[in-house]
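Structure, as structure tokens:
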């Protein structure tokens, strides 16, 4: 009596067992990176680091579905130069080596930022000292990875919500010139890397911060500051995706050779919001690509909002499938 039960169970399960590899092949064939490249863009990327690449299905999904990686934390100042002149490249080296071995583009993130900044930097009060420290940090990182990194977020989150420049140790001690100095230093260190100014809440064309960064980038570029791109982080609340359709063309109007969506996640991961952001990039000729800020929801910096394209079991969510369908049109 047992044998027929086993046979029946086997027959019932057989279609599902057979479907698994087919499903995996289908997902691999529907790489959002391959699809967006077919639409004329350079990459569809993701933020990651060694701790992610060595756990779960992160590495396999990135290999199959994404074409660019941004280090989530390993290239930030607190990780790379925790004390003055003492550099630690272990995490950054791992990411760069993995990306090169797997044929992925790399976005360097980030060189000058007020957050995750060691206290030895934030406590500097002398202008010349801080200028030299900043220049040395930029030059050291960019020289180490010269020719390996497609683009760098040179200056990150320099603006307040009202469009004024954020009060940071760099602004307060060096003055507004810290931004031109940072970009000029970066250009000298790796002339072929694309140099970005990167910020969040650039998701509405009518928002003061969005308008301010456009105006200031125009001014800086007119003065010869080598800014190649504006990065819009695009950390969205539910329903904000539609605003990017108007905001991204405004950012592109600053005249930089490139713009990019650099840290995308959406609270609730609405397919509509994600598709709106993808279409915004498709509609703007200078938009080179999109980077989502992590693979799976539990690893997100805002995990409780389930904002990413894969769930906790590394299964693609409706937003991922919606992007695939959108890019296939």
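Placement of Cβ uses the backbone N, Cα and C atoms for every residue, glycine included.
Annotated active site, nucleophile per Swiss-Prot: 263, in sequence order. For residue 263 (active site, nucleophile), the Cβ neighbour count at a 10 Å cut-off comes to 25, with all displayed protein chains included.
Among the features that Swiss-Prot reports, disulfide bond is placed at 281-287. Classification of residue 281 (disulfide bond) by DSSP places it within a helix.
Here Swiss-Prot flags 27 as pyrrolidone carboxylic acid, drawing on similarity to another entry.
Look at Swiss-Prot and you will find 1-26 tagged as signal peptide, backed by experimental evidence.
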Nearest-integer angstrom distance between the alpha carbons (Cα) of residue 281 (disulfide bond) and residue 263 (active site, nucleophile): 14
Where residue 263 (active site, nucleophile) falls in three-state DSSP terms: strand
Assigned conformation of residue 287 (disulfide bond) - DSSP reduced to three states: strand
Neighbour tally for residue 281 (disulfide bond), based on other Cβ positions within 10 Å of its Cβ: 25
Nonlocal residues around residue 287 (disulfide bond), in sequence order (Cβ under 8 Å, 6 or more apart): 41, 248, 252, 258, 259, 260, 261, 280, 281
